[in-house]
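As recorded in TrEMBL:
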- 12-38: transmembrane segment (TRANSMEM)
- 50-68: transmembrane segment (TRANSMEM)
- 80-100: transmembrane segment (TRANSMEM)
- 112-134: transmembrane segment (TRANSMEM)
- 146-168: transmembrane segment (TRANSMEM)
- 200-219: transmembrane segment (TRANSMEM)
- 263-284: transmembrane segment (TRANSMEM)
- 296-318: transmembrane segment (TRANSMEM)
- 325-345: transmembrane segment (TRANSMEM)
- 357-380: transmembrane segment (TRANSMEM)
- 392-414: transmembrane segment (TRANSMEM)
Amino acid sequence: MGSALRNRSWVVDLLAIFFGIGTWLGVNGTFIQLPLLVDEAPEGWSLPSYLSLMVQIGNLGPLLYTAIQKYSPKKLNDGWTIHGVLLVGATSCLLTAFFYNRTAPVGDTDHSLALFVLTCFTALNACTSSVLFMPYMGRFKEQYMVTYFIGEGLSGLLPSVTALVQGIGESGDCILVNVTEAGEQIYELQKSPPRFDTRVFFLILFGLMVLSYVGYTLLNALPLARREYAQVTVSEGNKYVYGEADRDANQPAQVEKLTKGQYTYMLLLIGAISLFSNGMFGSIQSYSSAPYGAKAYHLSATLSVIANPVACFMAMFLHFTSLRLITVLSILAGLLTSFVFTTAALSPVPPLHDQTIGAVLVVTAWTLLVGIVSYTKLGITTVMRAQGGQSLVWVGSITQLGSAIGSVAIFFAINYSSLFQDAPSGC
């Protein structure tokens, strides 16, 4: 632990965290703001389905970047490309603050066209970060990949905390509004208005995106940051070759070269993990935990978001690169995934839904699941970084592919099947 604290620049750590915040901040913030957005959107509660589709359009970014890297690597400068991607993300957050409720007719129906278009650009920043930002961090010493992932975790936590301050997620109170002639009491669920509106929320996200842009700019320009580069040669097409001195100095556990089979296994594993964690978990969490009560739902949502950066912070001190441990953690994550999918599929009456122990189990399962998945993904990324070449680009590409497949699959499962049923809400 002492070595982990000494052999690093805390300024570079902080800048890497700022840089990581600019990855999925806009997309996470948009979905967290849904309880307020649906009140003004003509789509109502079908809005999340439309936004999920817009996010998938953002995958055109990594596809275009990967194609240019393969066929015309000389025409692409990663440093300036990252500047452009972050500026797109910041600008889309700023414009969303002022145009999120603007509608336009599409056919015979009004739609939130401005929000759709701006979400596409927000997603372009988020999706491209997987194949661009993470490989960029590969030029730094290995320990800074961990703090970058802490920042990526904070891209989900910070909007959640902002929304909690705003007042989103409060369960509300059941108020007696009428009594029928037969003596039946009619209650209505009433919630307090938010402390600030959606415009202020997105302006806060814009401020965080500016912070991320400043963090990257300093990370890319400061001599202090450049001194923390690994011993690496970066050739055309984002191919990395690490020197022996870098491996010996910065890897507590020596990462050996993977066989072709092991390399493929790591890519398939990160793809499968991303399919569930990025593509499906967010869509099924309400089905899984809401039947256990509003408090259980909000606790599972909040603690699972916190678990991501906490797991990455732990990796600063509990470093691992063992393929066996990665496999064991993946199996454990698979068991927990089976549990949360079972509770979601059995909604609105999953096992123990009317008992406190059921709520405790589902909250614990979601918190552990997200923490283990985050820790495992970081372990896989660390192993793949050591392989050099375009390994980090491959990790980012497979991550996005898995996420897209998962999102599309769960979209059809929720909207075009009876597999998932909403838990009753209200009084």
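For all residues, glycine too, the Cβ spot is worked out from N, Cα and C.
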Query raised in the report: For the transmembrane segment (200-219) and the transmembrane segment (12-38), does the number of C-beta pairs under 8 Å, pairs 6 or more apart in sequence, reach 3 or more?
Result: yes
**Report entry** Tertiary contacts of the transmembrane segment (50-68) (same chain, 6+ residues out, Cβ under 8 Å)
**Finding:** 27, 30-31, 34, 43, 75-76, 81, 85, 111-112, 115-116, 119-128, 130-132, 283, 393, 396-397, 400, 404, 407-408, 411
Report task. For the transmembrane segment (392-414) and the transmembrane segment (112-134), decide whether they are in contact, meaning at least 3 CB pairs lie under 8 A, counting pairs 6 or more apart in sequence. Result -> yes
Report task. Would you mind listing the long-range same-chain contacts of the transmembrane segment (263-284), meaning Cβ under 8 Å and 6+ residues beyond its ends? Result -> 31, 52, 323, 326, 330, 333, 337, 340-341, 344, 369-370, 373, 376-377, 380-381, 383-384, 387, 391, 394-395, 398-411, 414, 420
Query raised in the report: Which stretch from 12-38, 146-168, 325-345, 357-380 shares the most C-beta pairs under 8 Å with the transmembrane segment (112-134)?
Result: 12-38
